[in-house]
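*Asks:* Annotated active site, proton donor/acceptor per TrEMBL: D128, in sequence order. Taken from TrEMBL, the feature Mg(2+) binding site applies to N7, E364. According to TrEMBL, the substrate binding site annotation covers R71. What TrEMBL records for H160, R221 is site 'Transition state stabilizer'.
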Amino acid sequence: MTVLVVNSGSSSLKYAVVQPGSREFLADGIIEEIGSGSVPDHDAALRAAFDELAAGGLDLDALGLVAVGHRVVHGGKTFYRPTIIDDALIAKVEELAPLAPLHNPPAVLGIKVARKLLPDLPHVAVFDTAFFHDLPAAAATYAIDDELAEEWKIRRYGFHGTSHEYVSQQAAAFLDRPYESLNQIVLHLGNGASASAIAGGRPVDTSMGLTPMEGLVMGTRSGDIDPGIIMYLWRTAGMGVEDIESMLNRRSGVLGLGGENDFRKLHQRIDSGDESAQLAYDVYIHRLRKYIGAYLAVLGHTDVITFTAGVGENDAAVRRDALAGLSGLGIQIDEAVNSVRSKEARRISTPDSPTTVLVVPTNEELAIAQACVEVV
Ligand code: ADP
């Protein structure tokens, strides 16, 4: 069984042709700079993806695709499991656009063009919020006027759920332990970044909230700030909502502080003595440690801490500094093992560390393809 997975963003469209049974990727790629001359829109982007597949010798018709899986960032309160796409679902996802203005509209564009180009296949939406739909109320609720929150559906939804679920399941499989028996902290550190606390297989907290802006310091997003900053900028600096939103999403985080959002380049700047890059890194690590400490307390007892995504899988210094000096809390990394580069799931804690620390590569496309097969 073969699934086409489409992850449609505002300026890029990622695609993968996946056989979930064998976990094999027949092809994958990314069409970038949507909106530019050669790729004017999402329709052109998906056609370009099909051209790339054909050029690579993949004939989609001959493959016998069983479904097309779409990553959709915000499912709101409505969608919490992979769902076959129909016109009503598209309308609902469009209604959720104000909750994810940067993410849901391009996902809808991707869905619409894919349904047009592949009309005979079932299309399935897999929601980034789904894994966290049942967070305990104490973790999901903002301490604001409750009637207003109810009316405007303001709660903590959480994101990267497909990755947190996949990685925590892989961690349990790696340790050969039942999923329900483990308390886990997952640190998804990519360009976007989020942490989750999972108690006996059930997510009990996560760092992203109403939108993917809350929580950890990210590549270009601020994560947690005092909401007073927004009113202050609006009132005093004369910035409008769009200015502030774009500043917090695109010009903040390690980019905003250190001039780079790619950690490889950030380290180069630090090595050449750039103080702002060093501060960006320090702020990033400080926030990460705060969340790890918070989730240790939320869980009470933690069996596993797992690093994943671009930074988590590749940046040994981030892993080392995030957990440095925590042996009193039962966390001890083997620095020699931590610094070995690998693409495989691996243990980086010492054999006698009470908490196991793992690095587990995430694979959202595979998880989406697996979800599609289950639905269809
Ligand atoms: P996205 O959130 O876009 O899916 P990824 O999970 O692919 O992001 O992570 C991308 C980020 O991973 C890059 O911006 C970079 O900071 C980081 N990264 C990738 N490779 C390395 C590496 N070898 N060392 C350190 N950081 C890396």
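Residue 1 is the first one shown; counting continues down the chain.
Each Cβ is built from the backbone N, Cα and C atoms, and glycine gets one as well.
Please situate the listed features within the shown structure.
*Replies:* D128 (active site, proton donor/acceptor) has a Cβ environment of 27 other Cβ atoms inside 10 Å.
Its own atom aside, the Cβ of E364 (Mg(2+) binding site) has 24 Cβ atoms within 10 angstroms in the protein chains shown.
Reduced to three states, the DSSP call for R71 (substrate binding site) is strand. There are 22 other Cβ atoms within 10 Å of the Cβ belonging to R71 (substrate binding site).
DSSP assigns H160 (site 'Transition state stabilizer') to coil in the three-state reduction, placing it in neither a helix nor a strand.
Of all Cβ atoms in the protein chains displayed, 26 besides its own lie within 10 Å of the Cβ of R221 (site 'Transition state stabilizer'). In the three-state DSSP scheme, R221 (site 'Transition state stabilizer') falls into the coil class.
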*Asks:* Rounded to a whole angstrom, what is the C-alpha distance between R71 (substrate binding site) and D128 (active site, proton donor/acceptor)?
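*Replies:* About 7 Å separates the two Cα atoms.
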*Asks:* What's the CA-CA gap between D128 (active site, proton donor/acceptor) and H160 (site 'Transition state stabilizer') in angstrom, rounded?
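*Replies:* Cα to Cα, D128 (active site, proton donor/acceptor) and H160 (site 'Transition state stabilizer') are separated by 5 Å.
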*Asks:* Comparing the recorded positions N7, H160, which residue's C-beta has the most other C-beta atoms within 10 angstroms in this structure?
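*Replies:* Of the recorded positions N7, H160, the highest Cβ count within 10 Å belongs to H160.
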*Asks:* Specify the nearest of the recorded positions N7, R221, E364 to H160 (site 'Transition state stabilizer'), where nearness means the distance between Cα atoms.
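*Replies:* The answer is E364.
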*Asks:* Cα of R221 (site 'Transition state stabilizer') to Cα of N7 (Mg(2+) binding site): how many Å, rounded?
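*Replies:* Just about 20 Å between their Cα atoms.
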*Asks:* DSSP on D128 (active site, proton donor/acceptor), three-state: which is it?
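*Replies:* The residue in question, D128 (active site, proton donor/acceptor), is coil (DSSP, three-state).
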